[in-house]
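Listed features, source Swiss-Prot:
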- ASN261, MET290, TYR319, HIS355, SER375, ARG376, GLY377, ASP416, GLY417, LEU418, ARG419, GLU455, TYR482: substrate binding site (BINDING)
- HIS459, HIS523: Zn(2+) binding site (BINDING)
- CYS603, CYS606, CYS611: [4Fe-4S] cluster binding site (BINDING)
- 1-10: compositional bias 'Polar residues' (COMPBIAS)
- 17-27: compositional bias 'Polar residues' (COMPBIAS)
- 1-37: region 'Disordered' (REGION)
Amino acid sequence: MSTEPLSINPLSAKPLSATQEPSTSSKPSRREQRAAAQRFIETLQGTAFPNSKRIYLTGSRDDIGVPMREIQLSPTLLGGSKDDPQYEPNEPIPVYDTSGPYGDPAAQPDVHVGLAKLRANWIAERHDTEALSGVSSDFTQQRMADAGLDHLRFEHLPRPLRAKAGKRVTQLHYARQGMITPEMEFIAIRENMGRERIRGEVLRQQHPGQSFGALLPENITPEFVRQEVAAGRAIIPSNINHPESEPMIIGRNFLVKVNANIGNSAVTSSIEEEVEKLVWSTRWGADTVMDLSTGRYIHETREWILRNSPVPIGTVPIYQALEKVNGVAENLNWEMFRDTLLEQAEQGVDYFTIHAGVLLRYVPMTAKRLTGIVSRGGSIMAKWCLSHHKESFLYEHFREICEICAAYDVALSLGDGLRPGSIQDANDEAQFAELHTLGELTKIAWEYDVQVMIEGPGHVPMQMIRRNMTEELEHCHEAPFYTLGPLTTDIAPGYDHFTSGIGAAMIGWFGCAMLCYVTPKEHLGLPNKEDVKQGLITYKIAAHAADLAKGHPGAQIRDNAMSKARFEFRWEDQFNLALDPQTARAYHDETLPQESGKVAHFCSMCGPKFCSMKISQEVRDYAAKQETEAKPIEIGMAEMSQEFRSRGSELYHSATSLQAEESK
């Protein structure tokens, strides 16, 4: 077997060892996984979902073009004859799209070059930033000077920006000054989801929701966005060094958002695979992505991700800081952590998770817990506090952290280091003590015009979930809440995307602004590409269910379009309206693979004779034809019953036999 080494240039056009023998196992080898990821990104091009097209809704200026996906629908057959059928068109359905250029068939993304700098002019025209002559971080300087890393480095590194002396460049600062930024206008258009384009009365129908105090205007304006940001109820993660990102907002008075976690570890994954996961995540609806890398080449991996990400990127800086001290938590210090913040801020990280609420006096509160401290960042800081017997440097230097964030517009995601790791530990003293401290830190961050959101649990049974939301709103001053699930039971490893999706839907309804996805691999291993998709689909369902329950304007349009297509047996439209068209189509075709199955007025669940919707259609048609009010449904049902008996007692009919019968 060849001993030719793996191509060491990540993402290079040169393929990985062409002579490498494929693995004979059912599970791909590490080499095969990396090769597959490289092929994916080397052949990457803008791709739309089936029967969808990319549209751009324009704003008040030429450089505001908000991407949407528009799902094209087939017409409804009204009647007529075989030779002269009568159809009624169905209007296309616009939907929120996070995929950036990767979802535009006209785009030709090149990961080696990175995405276009959408926000560069907006940032420049505010005249409050300056390009640095070099990087500020000592660690970054060391990496740049290491020629041995040239083969890993993103080639087109931009010069970092920073606020001019005496200036603050955060969206919160602008909002408080009464300024409506292009980012805010972009967001207002995006949040409305093009629903003003929908004319059909059937599609616009919606049940009233229960918003639990959320304010959901019928039309979201740029001024409303500004007001919500100024009040601290919403954030726009938008580092000035990540101009490639498309503006989005996180707040309970907006659509519920979903975050996807990616990142390498000490034992698995490569730069290629993480870039692939990024693109994959945005395709399946990730509103933000957190890079939680803990393995080798964290700095270089993050650069590739940022330069190719159309969504905000978050990190947990303490993870990288710990790598710099070889995993010894006691050796962490403020100087090293500060340097890590500068490193990541100048790369373009949009929000930092900071576990500044883990105080020394709170650690003993966890002693009687069933599962102790399960947050990685929380356990690191707890160990540091106990080792030094003092408050953490994150807490002691929090104002300095805010100064750094204000200079780059990095939002703070105040981490819940003492979140419960089992339902038994939910809502305990330690959890809420930390939450109250996070509320105090929120006010400090706001003094520096730094945007803030609050992280939440975790593992919480259903009956205890709402208290988490009410406590956060009260003690954290309505700052956006961002939760991991919560998981509602602990008995389902391998299915924790389900157990947590239940809790996510509930807390999203109660007011949580962003849900951090959980994949099937939670508690078991690092997720792969398919796990990422499963987690995202589950959480997009949870977020959408929460929007419906809150009564978010226009949230029901897609549901109504799906129901109409289902009732009219427009199978292709049903597939295309689904969150996951590929899976919907595949499941249908398992039992009805013929093309005739795509037009049949039944599916394999009930067959043609017991399809409730087909029966209902026939009853409706009969009532209309009779033009009588003499209980048409009962009469129709009786006649349908007689017709079914006359056709025989078979439960299932083939698609071909049904079509033959209908053509008579």
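Numbering starts at 1 and runs along the chain as it is shown here.
For all residues, glycine too, the Cβ spot is worked out from N, Cα and C.
What Swiss-Prot annotates, mapped onto the structure for a quick look.
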{"residue": "ASN261", "record": "substrate binding site", "contacts (Cβ under 8 Å, 6+ apart)": "VAL289, MET290, LEU292, CYS516, TYR517, PRO527"}
{"residue": "TYR319", "record": "substrate binding site", "contacts (Cβ under 8 Å, 6+ apart)": "LEU292, SER293, THR294, ILE298, ARG376, GLY377"}
{"residue": "SER375", "record": "substrate binding site", "contacts (Cβ under 8 Å, 6+ apart)": "HIS355, GLY415, ASP416, GLY417, LEU418, ARG419, GLY421"}
{"residue": "HIS459", "record": "Zn(2+) binding site", "contacts (Cβ under 8 Å, 6+ apart)": "ARG419, PRO420, GLY421, SER422, ILE423, ASP425, ALA426, GLY485, PRO486, LEU487, ASP490"}
{"residue": "TYR482", "record": "substrate binding site", "contacts (Cβ under 8 Å, 6+ apart)": "ILE250, ASN259, SER413, MET453, ILE454, GLU455, GLY456, CYS512, ALA513, MET514, LEU515, CYS516"}
{"residue": "HIS523", "record": "Zn(2+) binding site", "contacts (Cβ under 8 Å, 6+ apart)": "PRO493, ASP496"}
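Classification of GLY377 (substrate binding site) by DSSP places it within a helix. Reduced to three states, the DSSP call for HIS459 (Zn(2+) binding site) is strand.
Cβ contacts within 10 Å of ARG419 (substrate binding site), excluding its own Cβ and spanning all protein chains shown: 27. Taking every pair among ASN261, MET290, TYR319, HIS355, SER375, ARG376, GLY377, ASP416, GLY417, LEU418, ARG419, GLU455, TYR482, the residues recorded as binding substrate, the greatest CA to CA distance is 20 Å. Look at the Cβ of each of the binding-site residues GLY377, GLY417 and count the other Cβ atoms within 10 Å; the largest number goes with GLY417.
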